[in-house]
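One structure, pasted below without further comment.
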Amino acid sequence: MNTTAMSPLTVTPLDFVPDLKNSTLDPLNETACENWKEIHHLVFHVANICFAVGLVIPTTLNLHMILLRGLLTIGCALFIIWATLYRCALDIMIWNSVFLVVNLLHFIYLVYKRRPIKIEKELSSLYKRMFEPLHVPPELFQRLTGQFCNIQTLKTGQAYAAEDKTSVDDRLSILLKGKMKVSYRGHFLHNIYPCAFIDSPEFRSTQMNRGEKFQVTIIADDNCKFLCWSRERLTYFLESEPFLYEIFKYLIGKDITNKLYSLNDPTLNDKASKKIDRQPSLCSQLSVMQMRNSMASTSDSEDGLQMFLRGTSSASSLRPGRTSPYLRTSAKMKPIEESVEDDVFEAPSADKLELQRLP
């Protein structure tokens, strides 16, 4: 064994005290800032201002996401300029280039979503009258009317549906222009005006049963134009859009109510139907008042209800100027008027309060 290659061990005495005054200590943190560098260029500060302003935009602002992405894009572009021209830092330039691309793509996508949706001229009145009051977005209406439906025409006298012949499983339509006439076994029932469903009762009644036929005949009274959906494809689309599904349920139910009301008033015209559209509860209020008046004309409420039902079903066949005997009011009991019902909700007068206070 070669002992000459081994280094001798140094032994430190126990009473050794190091000289701390003459020794030089290395700094514990070599990155500690002793002398601050000069302030960066103005471009650097403008970029940070853009970041700060974009982050403090309130979310209640309608365009807050577009403004945020726009300011972040401007800030990243200014950082690239600063890192390239004044700092000469390749890593800062690369990272901000990545951030610039990401924010720019988001900005373009958000602006594209906010683009104005152009609705076809033939469908604009339909959207404004039926769907816009229910807060249906234009892009959703465009999807509804642009994929699986078409616009069809009928000349005067042509049939949309024939009684006991045409299947109800094929389509659902809304009249856009013209007027249609609905009849049953040659007896006129009611008219169909623009911005109304043509076959809403059949659509609702056959949702569970397939293979049924129309029970009425629908003929074009004028040159008509209507929007027609494929029933099967429309059903699948509404299942994927819950909001639009509820809108259709409401519109179809409202349309059926208007058609039932027009059975009792065959002279109902387009202006009156528009008034009913603006006041959805008008049909139900009138029906309830007629039922109450007819029930008041008899001593037995059940008999009065049956008379009301028979009277409303035959009201459309009565001649003008004649009223149904089931809807006549009796001399003993006065019919309930709308003003009488409104008195219930009026505030009591001062005279009535004084009478109530007297013992």
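Even glycines carry a Cβ here, placed using N, Cα and C.
Per TrEMBL, the feature compositional bias 'Basic and acidic residues' maps to 349-359. Annotation comment: TrEMBL describes 40-265 as domain 'POPDC1-3'. Here TrEMBL flags 314-359 as region 'Disordered'. Positions annotated as transmembrane segment by TrEMBL: 39-59, 66-86, 92-112.
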Counting only residues 6 or more past its boundaries, what in the same chain has a CB within less than 8 Å of a CB in the transmembrane segment (39-59)?
67-72, 74-76, 78-79, 81-82, 85-87
Give, as a single whole number between 0 and 100, the mean pLDDT over the domain 'POPDC1-3' (40-265).
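Mean pLDDT, the domain 'POPDC1-3' (40-265): 89.
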